[in-house]
Amino acid sequence: MIKRETQVDQILKDIRGIVNQMVPREAKITEIEFEGPELVIYVKNPEAIMKDGELIKDLAKVLKKRISIRPDPDVLLPPEEAEKLIFEIVPKEAEITNIAFDPSVGEVLIEAKKPGLVIGKNGETLRLITQKVKWAPKVVRTPPLQSQTIYSIRQILQSESKDRRKFLRQVGRNIYRKPEYKSRWIRITGLGGFREVGRSALLVQTDESYVLVDFGVNVAALNDPYKAFPHFDAPEFQYVLKEGLLDAIIITHAHLDHSGMLPYLFRYNLFDGPIYTTPPTRDLMVLLQKDFIEIQQSNGQDPLYRPRDIKEVIKHTITLDYGEVRDISPDIRLTLHNAGHILGSAIVHLHIGNGLHNIAITGDFKFIPTRLLEPANAKFPRLETLVMESTYGGANDIQMPREEAEKRLIEVIHQTLKRGGKVLIPAMAVGRAQEVMMVLEDYARIGAIDAPIYLDGMIWEATAIHTAYPEYLSRRLREQIFKEGYNPFLSEIFHPVANSKERQDIIDSNEPAIIIASSGMLVGGPSVEYFKQLAPDPRNSIIFVSYQAEGTLGRQVQSGVREIPMVGEEGRTEVIKVNMEVHTIDGFSGHADRRELMNYVAKVRPRPERVITVHGEPQKCLDLATSIHRKFGLSTRAPNNLDTIRLR
């Protein structure tokens, strides 16, 4: 370790020599240090660098590093003074709603209803803010819905700024350590989510680095730890955790089967490194993780982890936008690309060993446009191995066309409301809920739906997070929000359910209603309570719009089971008779169906040498792998959990 520190110090010494030659003296450099995947140059006079628009680019080109210029902490105005000055500089018409300081990066976030007025003509107002307060301003439009999750994350990052900076410096020194070995081999090991859906975890190993992609929990199998959690018993994984060798964890998206076990690692001090993901994924996975342990507690179970462990996840997360390239170890470079599955979902591209090998790991993805998101990216700089999901990889897994699915949804709703019934749509709080909301809002606007739409569980909070990241939404939605001035998420037809009393009032009411409630597979959350009480009435309908995993209550109901034993409030088992109509409309899935999966392999560029199918029931993974090999002549594999494949 001492040797590694000495090596990094020498690298920094060499860098300082180059920077001092290229940066004008009036910038007054005070410190140069690696922080996370960036080289940070602290200066007392940032304007001296900013006035030369090409200097940072030239530095990055020479040093082959991502460069960030930050004001020296000593020149930053105290937050109270800086905030007062910002309000004096920015016109009142900008309607600033929030100012948040992040001392760990010397940045001030300014939320305003009219961000253009904060920026000013040709950026004049922004430059004046920088000049006067020294903090680096970041301007965003005020989200129309306030998210408690986003607020609490900002508070944590601000209060933990000193620890955060220390952590980032440790990460930076680890990334830019001198490699002990030249990259010669690459392997991947399935720790979860191979020939199954749930607990996704993939370990990438080189002779220099260890990187984990996803670390999820199978919420449908919590009573069986061997099926619920990734394989901690894998010898190589035990070794990596014990020796503290894991360089990074990358999270493709927020759903618990991909992110749900992250806090567990911090609870038991198994990991202290960086987590890379997109900003929306960070916020959404924190929301889902908190809800997960709250549901466990309400069910009388010991939660897998504590709120303080989720706080550690926040402190250790480094966010990247789509297309940003970052070094995450001496021989691995990461880029995240749109996956089209849920807000912020990403395809992980790993460039290994300076051209030795390139891997794209799709996570969950969708390859057609939806109301909510653009289709998954299929173009990469280089690509040799493609690891892709197979949720709907079976030969007959053809989803209903989206237009037909929407018409069918409205048809079932009309029939149910006409007979005085209620419609229950169990939906994942993140993704399917917002997709269905957009469909219902569109039809309600033209008068095709005339009933209240209730949103229960975390759906409203998740929707608030969606409104905070409009740049991640579909082009059509962005046009509606910014050009047409209409935000469909704010429609009057949506009514968030605040508590259990309101929930019971909706159930007891004689009025027809549409209810969208989490969870999507009926494995906890308010959707289960609605189901219990609405199922016996034949006037009601339940509509499944997303995948129902094996072993879930949702799969039982979907499969036609008409009598289901369930535990009541007093702990007694009661048999629920399912007299309500049961419908499945698969055209709303956030997963690519068989045609999309095959089309993705046909369209992805460059064409990979090898395709590995994961995240699907065994036969679907095998079927997809076989079909890809036959049609495209590519090498394919459908490995099991614990299988290791050498890629190079």
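For all residues, glycine too, the Cβ spot is worked out from N, Cα and C.
Note that this is a predicted model, so its numbers are computed, not measured.
The annotation region 'KHa' is assigned in Swiss-Prot to 9-76 on the grounds of sequence analysis.
The feature region 'KHb' is assigned by Swiss-Prot to 77-144, with sequence analysis given as support.
What Swiss-Prot records for 185-395 is region 'Metallo-beta-lactamase N-terminus'.
In three-state terms derived from DSSP, HIS255 (Zn(2+) 1 binding site) belongs to neither a helical nor a strand segment and is classed as coil. As annotated by Swiss-Prot, Zn(2+) 1 binding site applies to HIS253, HIS255, HIS341, ASP364.
The feature Zn(2+) 2 binding site is assigned by Swiss-Prot to ASP257, HIS258, ASP364, HIS615.
Here Swiss-Prot flags 396-589 as region 'Beta-Casp', drawing on sequence analysis.
What Swiss-Prot lists as region 'Metallo-beta-lactamase C-terminus' is 590-648, and the listing cites sequence analysis.
Cα-Cα distance from HIS615 (Zn(2+) 2 binding site) to ASP364 (Zn(2+) 1 binding site): 8 Å (rounded to the nearest whole number). Looking at 9-76, 77-144, 590-648, the range that has the most CB pairs within less than 8 A of the region 'Metallo-beta-lactamase N-terminus' (185-395) turns out to be 590-648. When Cβ atoms from all protein chains are considered, those within 10 Å of HIS258 (Zn(2+) 2 binding site) total 31, not counting its own. If you take the C-beta of HIS341 (Zn(2+) 1 binding site) and look for same-chain residues 6 or more apart in sequence within under 8 angstroms, you find HIS253, GLY363, ASP364, PHE365, LYS366, LEU373, ALA376, GLY431, GLY590, HIS591. Long-range C-beta contacts of ASP257 (Zn(2+) 2 binding site), restricted to its own chain and to partners at least six residues apart, with a cutoff below 8 Å, comprise GLY193, VAL197, GLY198, ARG199, SER200, GLY216, VAL217, ASN218, VAL219. Taken together, the residues in the region 'Beta-Casp' (396-589) have a mean pLDDT of 93 on the 0 to 100 scale.
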